[in-house]
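Have a look at the structure below before the remarks.
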């Protein structure tokens, strides 16, 4: 499956009210009909937070909410982008001169990332212009990957409009790289699941080389997403990229202490591979080598035997120059323990013991504690929401996505689902007038959905 190119599915528009409506809006906007449609889903990560960019496997599933685009390739070399949501303004640009503004992560810049990624991969000298109308159902800045779904959808659209083909794995890898044009140093989970997802199964996604393995979730439980209603935009905040850098610095210090060629080591996974030890042994090494007190830039230089100038020019990225302290022990401890929890989660799903739900729930709870205490990527609202979910019957609950806002994911016994939804709604959303306004899209049960697709009218 992963080697296949995303195929074009013929659909009857009369049976697809959302596509039909999008087509009508497209015609009234551009004066002609779309030639094809593409969709890319959002995702929920069940376990494995902030470890994909450290080289470790994660365990997400695609959700039904998606980005849907109606497309008409045109003769002019202009891309015109419009959105069904009037909050997002129209945008047009020449396809030959794609400028992506990192200082303002506006919606169209994510589309341009996917477009530019495909153009550069094929070295397109004469790329096709397009009219595109976009409709999104993934709540923005919620940790459900609306931005990566948009990048993926744009990549898929550009691929088809220019008559090219790629495998799903190649598309995922190109879209991961191209999202970095906007300044997000992501690890590839979001783009991979968007392309590689299949209905009815979560996926263990491993990197270098990228591959996806089915993970059959246990029966008897439903995964519920609850939005804290605190928005977090990865590209607009420095927290995320500081964590990426802290993991890179921890990699360097651990490598140096073990006599490895630390200059070549970039990810915490590399240290484990080079040493040939288990994750449990890596946790012991972290305890021996790193201290819990934050490291100053001076101390890091001393440990590595380099000057501040070398640290700034060779290791710290441009947007990290002013950060003066880094927590290395906590970040490494989270990554190695979370990587072990992912593998344990997969093992329980495949062996399906009688107490599988309890065991998985325990792993989810441990994951949240580690995200809160060691990685410090939670926030008071997320912690409160996790507590409420556990109080009203969730077997496990944790933040999902980058954190600092966004959503929680909870595993709930299916027979208690309706009572759970009613109680959480009352306790978290209806106690707060602000949240009541947005509550409709904020709390929903979900099941594993399918990956990115192209549709053509039958």
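Placement of Cβ uses the backbone N, Cα and C atoms for every residue, glycine included.
The domain 'Galactokinase N-terminal' annotation in TrEMBL covers 25-73. Over the domain 'Galactokinase N-terminal' (25-73), the average per-residue pLDDT in this prediction is 97.
Taken from TrEMBL, the feature domain 'GHMP kinase N-terminal' covers 109-196.
The domain 'GHMP kinase C-terminal' annotation in TrEMBL covers 354-429. DSSP labels the residues of the domain 'GHMP kinase C-terminal' (354-429) in these numbers: 46 helix, 12 strand, 18 coil.
Per DSSP, the domain 'Galactokinase N-terminal' (25-73) is made up of 9 helix, 28 strand, 12 coil.
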